[in-house]
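Undergrad: So TrEMBL says this about it:
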- A:6-31: transmembrane segment (TRANSMEM)
- A:59-80: transmembrane segment (TRANSMEM)
- A:100-129: transmembrane segment (TRANSMEM)
- A:141-161: transmembrane segment (TRANSMEM)
- A:181-202: transmembrane segment (TRANSMEM)
- A:264-286: transmembrane segment (TRANSMEM)
- A:292-310: transmembrane segment (TRANSMEM)
Amino acid sequence: MTKSEKIWYSTILVMLVITILFAMMLGASFITPQQMMTAFQGGNPNQLDILINIRFPRILSTMLCGGMLAVAGAASQAAFRNVLADPSILGVTSASDFFILIGTMLLPAFPASKFIFSILGGLFALLLLTRGPALKSPYRLIIIGVAMMLTFTGFEQLFANGFGGQTTGSFNGITWSQTEVLLFLGVSGMFAAVVISPWANYLKLSTEQLQTKGVSASMMRLALLLVVVYLSSGVSSVVGTVPFMGIVVPNVVRYLVGRDYQTIIPLSMLMGAWLLLVVDTIGRIVVLPSELSAAVIMTVIGGPFLILMLQRKNFNGLKSS
Amino acid sequence: MDLNQVSYHYPQQPTLLNEISATIPVGHILSIIGPNGAGKSTLLKLMAGILQPSGGEVDLDGQPISSIPRKQLATKVAVVSQQNDIFDDMKVIDVVKTGRLAHHSLLATISDAEVAKYIQATHLTSLAQRPLSSLSGGQRQRVWLASALAQDPTYLLLDEPTTYLDIHYQAELMGILKQLNEQKHITIIMVIHDINQAFKISDVLWLVKRGEVVKVGKPEECYDRELLANIFETNIQIVDVPHYGKYIVEIPETQAES
């Protein structure tokens, strides 16, 4: 591990711990660390209930989703060889949302139905992206992706008219059982991403180079994309779309520690967890007694971030050598 | 390696290579020379198994290349291609490590020590931890060579390895290749535009024109003014340079007559 890697791993961990503490304290009712101690010792059942059944699951699920989306972003950037690729920008998550909506409208609910429709939607979007000429040019991929995102979102709004109860990228009211689903999907998906993170590095070589080294680029790309769909569909099926996480976090991490995906992926996981927790905690308290959803705040942060990246003089669509 | 009546044409294109049959002797340095568009690079890609012949077969140890699994082939044939762009960026040592994938599982961690000798053989030790993007063209070419060597191949195929290099790097690269051939007995097959370099370093030359191997021979057999003039369709002179030997120069028609 290099020096900068050590510094950033520990910095982000410390920030994460501090943010968790704040997230536990802040909310509709303010709970001081002392009150927390009292509550845990059985002195205040009301506050204990708020902490255990409202704030804990919310904090945990926010962190999981943040990590999942950031890792999905990093993995899709490797698979598409494009640092702008992100499941939300490419329309993968909006396809998931749309499929979930159609699925719940047309078919009766069955166990894990949302997750399955979400996966199907994500795979459908990827199929569209990887079939055409989109892969050849980094800009074209993004333009097609954005067009798909708008299309699926439009269709979703069309069909959702008068059909309420859709998830909206908010962690408000998240339950322990939803958190458990995220825990399972998040841990398994992120573990897989870390295991195959060397492939993300190998894919920097051209397909022909990999071929002469006895390695199949398509197999590695497919594996990474499956992890992307698994992670982003997991988040979509439980909380809906939280945009831009997958583009903001891995690119900041790249700036901090360099281009090795074996570092980018685990560090994105931590930083994603931290960022989404910050965003959600802010959203909970800025407009009390109401709240802003994490998705809205991420749109406000992520949109300008993407524009800045595209405007940077040395952004040349990725080829660095 | 044997070529048996190998033909090739790109889809909906006229025949590029026409029934080429030849044997590549083990342990030699073979240079393929000829004018642009003669099919040299395509020939190399067929030998590497990157392209499949439209007719005939390329055999390796008596087995058609197309029937050898990719990974196994990579332990025998390594390629340094002309275009070596990478996406994003990578450390030199990590690029070299990709050459070891032919010998490991795809999830294996490859140690620095395992690739040290390839890095040393290509004079890259001081650059090993640098990002590829910070290197010059000549240094990068050596990185790709190191990565190919890390496959521990019997055959090393190079497509115009010196094209973008200055005279110093050209000489250095040729020196490394000669050493690899002599010490490790790696068979080297290259497409090269600098004919004098080809004549100087090679054991065997293939002169290629319009998809056919016109002449196979040792360099001393190929110092043939008319043959070379015919292949390159230009006026050729072979001169003697002190301390060097024979040197092939192209002289325009008008000057040659005066």
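A Cβ is built for glycine as well, from the same backbone N, Cα and C atoms used for every other residue.
Mind running through what each feature is packed against?
TA: With a threshold of 8 Å between CB atoms, the same-chain residues lying at least 6 positions outside the transmembrane segment (A:100-129) that come near it are 80, 87, 90-94, 135, 141, 144-145, 148, 152, 156, 159-160, 163, 166-167, 181, 185, 225, 228-230, 232-234, 236-238.
Long-range contacts of the transmembrane segment (A:181-202) within the same chain, counting only residues at least 6 positions beyond its ends with a Cβ under 8 Å from a Cβ of the stretch, are 60-61, 64-65, 67-68, 71-72, 74-75, 78-79, 115, 210, 215, 217, 220, 223-224, 227, 230-231, 234-235, 237-238, 260-262, 264-266, 269.
If one looks beyond the transmembrane segment (A:264-286) by at least 6 residues along the same chain, the residues whose Cβ comes under 8 Å of a Cβ in the stretch are 5, 8-9, 12-13, 15-16, 19-20, 22-23, 26-27, 58-59, 62-71, 73-75, 171, 190, 193-194, 197, 200, 242, 245, 248-250, 252-254, 256-257, 292-294, 296-298, 301.
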Undergrad: Please give the sequence-distant neighbours of the transmembrane segment (A:6-31): residues at least 6 beyond its ends with Cβ less than 8 Å from one of its Cβ atoms.
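TA: Result: 39, 47, 50-51, 54-56, 58-59, 62-63, 253, 256-257, 267, 270-271, 273-274, 277-278, 280-281, 284-285, 288-289.
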